[in-house]
C-alpha cells in the first residue's frame, strides 16, 4: 500500500532512526492517562491534532520506522510486507473517524497530517480544516488556477511532477501535478501557513502515531508552547519531543482514542465510501433510417482515459422478450456496440462486479433505452442524494446502493451521460470501539458508565533528521 509511495521516493542513505523499540504503558497507568487526556480535551478551546503513520497501521498501511516498518525492513535486508488490499481501497480507521466526530462536535479545530494516504480527507474532515504537509497520493492540483482533484486511483508520480491529465476548470486546461513531496521538495506554503497559524493558536496539540522526526513538520507542535499551550503525544515509540510534552501515552492510538471518545460520550461514526462512474450511451441512425447504432460505455468520472479501479467486469443483459444477446465486459474500457430497431424501446440491465477491497461483490443498474438522444441535462441535489445513500447503507448494514446524481449530454459524439454514485464500502466501528473500550479509573477503582446502543515558509525543505 504505502510500499509504492516509498519506492517512488528518491534514494537517500540516512532516513533517520528506524527499528525503534515499542513501549507500552501498564494497563492501570494507561487508564489513568486516558482519563486525564479526556478531561483535557473536554476543556480545550482550540484543539489541533498532528498525525503520523501510526494512525493508519490498523488500516493495513505499514509504517516506516517501527519494528516492522518499511525502512526498518529495508535496513535489515528483509522482505517488505505484502499489502492486504490495494492502496486505493484503504479505508479510514477508528481514529480517523473519531476525529471526524470531534470536529463535528466543535472540539477539534484543525488537523495536520504527515501522511500521504489521503484517509483524513476521505473520512470527512473538511478540506479547509486539514493541512496535508507531505501531500496526498490521490490528489492532483492545478498550478495555474489552484483547483484540486481527489482521485479514486493512486496518482502515478511523486515530487510535484506533471501528470497525464489536464485541469477541467473553465478557461484553464493547464497540466495537473501530483501533490506528494520527494525528500528535497519544499513544504507547500498554503499547508504550512495554516498549520503554523493553528499550532500558534492551539491550547492543545495532540500528536497521534508519529515519531516526530521529520523536519520541519515535527517542530510545528512546539509553536503552541509560546502561548501557554500543551503538547500531548500518543505513540508506541519514544520521540525527540517527549520532554516538551505535558502528557506522553505509550499505547495503540485506536485504543487511546476509543477510550477518550467513551469519556466524552461521543460515538465514533461509521465510514461509508461512495465511488462514482459514468454510463455513456452514444446513438446514431443507420444509413437506411431503420436502425439505431449505439455504444454503451461504463467510464470513470475522472476523464475518458482513466481506468475504473474498483470495477472488475460488467455484465450486460436485456429483457427476455428482446432478441439481443447478453454480454460480459471484462476488459477496460468497458464498452459494448449494438444495432437495434429504431422504434424499439427497452431496458438494459447492468451488473457491475466489484474488485477486491470493496464491501460487496456487485450492484445492479437498469437503464431505459430508446432510439432518441436525450438533450435533457439535469443536476440533481447530489449532496442530499449521497447523504440518503449513506443513511440507507448504515440502516441496511451493507453496501451496493446506487443513485443518479447528474444527467448531461455531449455533442461529439452525441451522447447521454448519466453519473451514478455507488456505495462500495461501509465500516461500523461500534463493536470494535466497545472491544477497545476503557473504563475510567476513579480513586483507584473502575467506574462503569452507560453507553448508548446507537449506532510558509516555502523555502523550508522536508528533511529526515530532527534535532
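Using N, Cα and C of the backbone, Cβ positions are placed for all residues, glycine too.
Among the features that TrEMBL reports, domain 'Deacetylase sirtuin-type' is placed at 27-267. According to TrEMBL, the feature active site, proton acceptor maps to 134. If you look up TrEMBL, you'll see 142, 145, 167, 172 marked as Zn(2+) binding site.
Each of 143, 144, 146, 147, 168, 169, 173, 174, 176 belongs to the same chain as 142, 145, 167, 172, is absent from that list, and has a C-beta within 8 angstroms of the C-beta centroid marking the Zn(2+) site.
Rounded to a whole number, the distance between the Cα atoms of residue 145 (Zn(2+) binding site) and the residue listed as 'active site, proton acceptor' is 21 Å.
Most buried of the binding-site residues 142, 145, 172, judged by other Cβ atoms within 10 Å, is 142.
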